[in-house]
Amino acid sequence: MSVPPLLRPPSPLLPAAAAVAAAAAALVPGSGPAPFPAPGAAPAGGISFHLQIGLSREPVLLLQDSSGDYSLAHVREMACSIVDQKFPECGFYGLYDKILLFRHDPASDNILQLVKIASDIQEGDLIEVVLSASATFEDFQIRPHALFVHSYRAPAFCDHCGEMLWGLVRQGLKCEGCGLNYHKRCAFKIPNNCSGVRRRRLSNVSLTGLGTVRTASAEFSTSVPDEPLLSPVSPGFEQKSPSESFIGREKRSNSQSYIGRPIQLDKLLMSKVKVPHTFVIHSYTRPTVCQFCKKLLKGLFRQGLQCKDCRFNCHKRCAPKVPNNCLGEVTINGELLSPGAESDVVMEEGSDDNDSERNSGLMDDMDEAMVQDTEMALAEGQSGGAEMQDPDADQEDSNRTISPSTSNNIPLMRVVQSVKHTKRRSSTVMKEGWMVHYTSKDTLRKRHYWRLDSKCITLFQNDTGSRYYKEIPLSEILCLEPAKPSALTPVGATPHCFEITTANVVYYVGENVVNPSSSPPNNSVLPSGIGPDVARMWEVAIQHALMPVIPKGSSVGSGSNSHKDISVSISVSNCQIQENVDISTVYQIFPDEVLGSGQFGIVYGGKHRKTGRDVAIKIIDKLRFPTKQESQLRNEVAILQNLHHPGVVNLECMFETPERVFVVMEKLHGDMLEMILSSEKGRLPEHITKFLITQILVALRHLHFKNIVHCDLKPENVLLASADPFPQVKLCDFGFARIIGEKSFRRSVVGTPAYLAPEVLRNKGYNRSLDMWSVGVIIYVSLSGTFPFNEDEDIHDQIQNAAFMYPPNPWKEISHEAIDLINNLLQVKMRKRYSVDKTLSHPWLQDYQTWLDLRELECRIGERYITHESDDSRWEQYAGEQGLQYPAHLISLSASHSDSPEAEEREMKALSERVSIL
């Protein structure tokens, strides 16, 4: 087939650029219609004219092809493309064959002259695009969907059968045209009735000037056959790349697409008589929505009505409103296409679901939540310039089973087991208005515009400008009290209303000018910011800001009474108890700064009022749990009180009220999961993984020595002390932790399913080897960016199949030692699973560079707890044998430490831990 001519609307560039652009485009092999022109004068042999569609007029340029001829077919293609982009709701299947072109001829009696051949079009003509009478009503109704695999964060339902889309990721298909959602099993049954509302754009906006978009499409557009190889969308859709319609979105050229039912079947069904539905009461075993009102069918059984012919589901109250459009039982090749049919239909796939190379920003954009395999994308991109593949061959290829070279596992993500907690807007203004005050250092009463947010009180010069007089951070407020007699009050001055006490100054706020026995003279209005009522509202607002996370329904007042209401006790890590201490007097909690959430509570950022030290405060709502579980709520505190190790997060203290428990811990930089997802490839290099895993194992060794099993080990619970490339890590979240002896077993439900060992999932007894399984999963997800197991298959079967556990992408880049360690940790039989010390002795972790990195970390933090002095001579000898440089400062450090009694004591303690574990 000859190279088609280029169709481009003119753009305001220089004539020289026009010739260069046109020549370059003409030299591109296999290039299709390039929608945007090189500007200025038309190239030799080119014809510039206008296409008019209704009230819209677009300039285009028709160039000669390689044979020197013009093609009317490409004028039609350009017209279809303009219709699709400017009037997507008006396009339909087969538009190309159902349009006529007329040339405006003012000199003729019949102004519109039918264009039969391309030579009828002259320079500067106005060509009218008219819909042929052969376009039937059925043509307008047939609009195929553009279906792509999609991952949902919120519960979603199939718009065909009404049932919920199940799974963690890739639960179903979303149409790019209309945004509807479907099961994969329903894709072959849904009618081709896409509305295309998501693709619509204003029809009065000219396409001229969008050169970057249209030019880009020219690079990808080839001679498009009548039946596209991928999902058959309306004619204009298949002639352009996705980047044309969705600027800035991820290209879907290599994503998995699904084809709906044959268009011929839709034409056949159009001729069928539509009759009323035959509804019968139905009991649903899965969550299902009414297909009329799109609301959930509630109840345990007999939730709604279902048509016994077409399986349409609805509420009883909605049945009278449902249109009489039942087509009965629709079958093709003996397969029932009604929504309720559960038959497994083989899908036609446009390309492989290549997702072993994960994007670090998984599902950040809900509309573009697909992930692609980079290697396969490059391979397909190289073959894209070649000749078109045989459609039948592609169809046979698409029906094959998934290749072991690609991973079908769940991509790594943050697993939340509790109610979804949204992050509140930062610095939200809680109250603002005029207020007066004086201080313990300056008795002159001043008036400012106060603005209270979640972190501070700002005293502005006026209510509109940005200049301010002073900031009072809430974390520095030590006390908020009603007014007391003060020697600083000037003689004869009106008293203040309440006091704000900080470490350096006391603010006397408000002016109590109105006494109960008198009223303002001449009934005059008080100046803004003056009066007891205004001051009282400010006092309450500040009290709420000081203790922002309070139980629902509890009232917060000021003064000593409120302290007695919400204060019970404080339990410090040294087990001392102080009665009637309010957490808001010691710490400021920032409700905007949500650090994390789990099954037992939410973690907020906070600050110690006197020292200004940053802390993390976990708030546990006791009202969410039955009385029997209250002991479990204190489990984390009880364990952390007895743990003092650099690899475990430090517990500062614990407060408790009748409704809540406040656990105050040291605040760290972030977590390991964030580090994995934010890395360049969505996974960590081996040397960083070794560095982190060694620290985790050392902390676990200390826990197991104390007979403590974490039971919920995952990257979210491994915190980073800094933003360094090689940070110190600490274990946190001991809410599931258990005291388990060396040979003891427990059966209680613990942990996060994605990281749990099989014995827990099967309700069998477990021991401390449970944590070692979790370490194996952490190593796997760190190196690959995916979870090791597919949710649809048995774990034991998947472990036996190495081809699916370790697909070449990315495991061909990872050492065999790492895979060997993972295999020894992911052992279904507990007795075969590696222990902590055996894991630390594995060749993958016995690495010289890792040892050096860990020693540098210990030097940086000033404490040696990861490596041991007994290994120094071994690694120094290894460096000499391999010709590697051994850091001189480590030699001097090891010599000085070996002579100290503290070093001997630490050595004996570490030795006793190892012996106890072994």
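For all residues, glycine too, the Cβ spot is worked out from N, Cα and C.
Keep in mind the model is a prediction, meaning the values are calculated, not measured.
What Swiss-Prot records for Asp712 is active site, proton acceptor.
The compositional bias 'Polar residues' annotation in Swiss-Prot covers 400-410.
Sequence annotations record features per position, and here Swiss-Prot assigns domain 'PH' to 428-547.
The annotation phosphotyrosine is assigned in Swiss-Prot to Tyr93 (among others) on the grounds of similarity to another entry.
According to Swiss-Prot, the phosphoserine annotation covers Ser206 (among others), on the basis of a large-scale study or a structure entry.
Look at Swiss-Prot and you will find Ser217 (among others) tagged as phosphoserine.
Taken from Swiss-Prot, the feature phosphoserine covers Ser351 (among others).
Sequence annotations record features per position, and here Swiss-Prot assigns phosphoserine to Ser403 (among others) based on similarity to another entry.
What Swiss-Prot lists as phosphoserine is Ser407 (among others), and the listing cites similarity to another entry.
Reduced to three states, the DSSP call for Ser454 (phosphoserine) is coil. Taken from Swiss-Prot, the feature phosphoserine applies to Ser454 (among others).
In the three-state DSSP scheme, Tyr469 (phosphotyrosine) is classed as strand. Positions annotated as phosphotyrosine by Swiss-Prot: Tyr469 (among others).
Other C-beta atoms found within 10 angstroms of the C-beta of Tyr508 (phosphotyrosine) number 23, with every protein chain shown included. Summarising the annotation, Swiss-Prot assigns phosphotyrosine to Tyr508 (among others) and lists similarity to another entry as the type of evidence.
Here Swiss-Prot flags Ser554 (among others) as phosphoserine, drawing on similarity to another entry.
According to Swiss-Prot, the feature phosphoserine maps to Ser748 (among others), an assignment based on experimental evidence.
Residues annotated as phosphotyrosine in Swiss-Prot: Tyr755 (among others). Over all protein chains present, the Cβ of Tyr755 (phosphotyrosine) has 26 other Cβ atoms lying within 10 Å.
Taken together, the residues in the zinc finger (144-194) have a mean pLDDT of 85 on the 0 to 100 scale. For 144-194 (among others), the entry in Swiss-Prot reads zinc finger.
Its Cβ taken as reference, Tyr469 (phosphotyrosine) is surrounded by 11 other Cβ atoms within 10 Å in the chains shown. For Ser454 (phosphoserine), the count of additional Cβ atoms within 10 Å of its Cβ stands at 20 [all protein chains shown]. The residues of the zinc finger (144-194), classed with DSSP into helix (H, G, I), strand (E, B) and coil, number 0 helix, 14 strand, 37 coil. Of all the recorded positions given, namely Ser454, Tyr469, Tyr508, Asp712, those whose Cα is no farther than the 10 Å limit from the Cα of Tyr755 (phosphotyrosine) are Asp712.
Considering only the modified residues Ser454, Tyr469, Tyr508, Asp712 (active site, proton acceptor) has Ser454 as its nearest partner by CA-CA distance. Other Cβ atoms within 10 Å of the Cβ of Asp712 (active site, proton acceptor), summed over all protein chains shown, number 25. Taking the Cα atom of each, Tyr508 (phosphotyrosine) and Tyr469 (phosphotyrosine) are about 16 angstrom apart. Each residue in the domain 'PH' (428-547) gets a DSSP state, and the totals come to 21 helix, 39 strand, 60 coil. Taking the C-alpha positions, the distance from Tyr469 (phosphotyrosine) to Ser454 (phosphoserine) comes to 19 Å.
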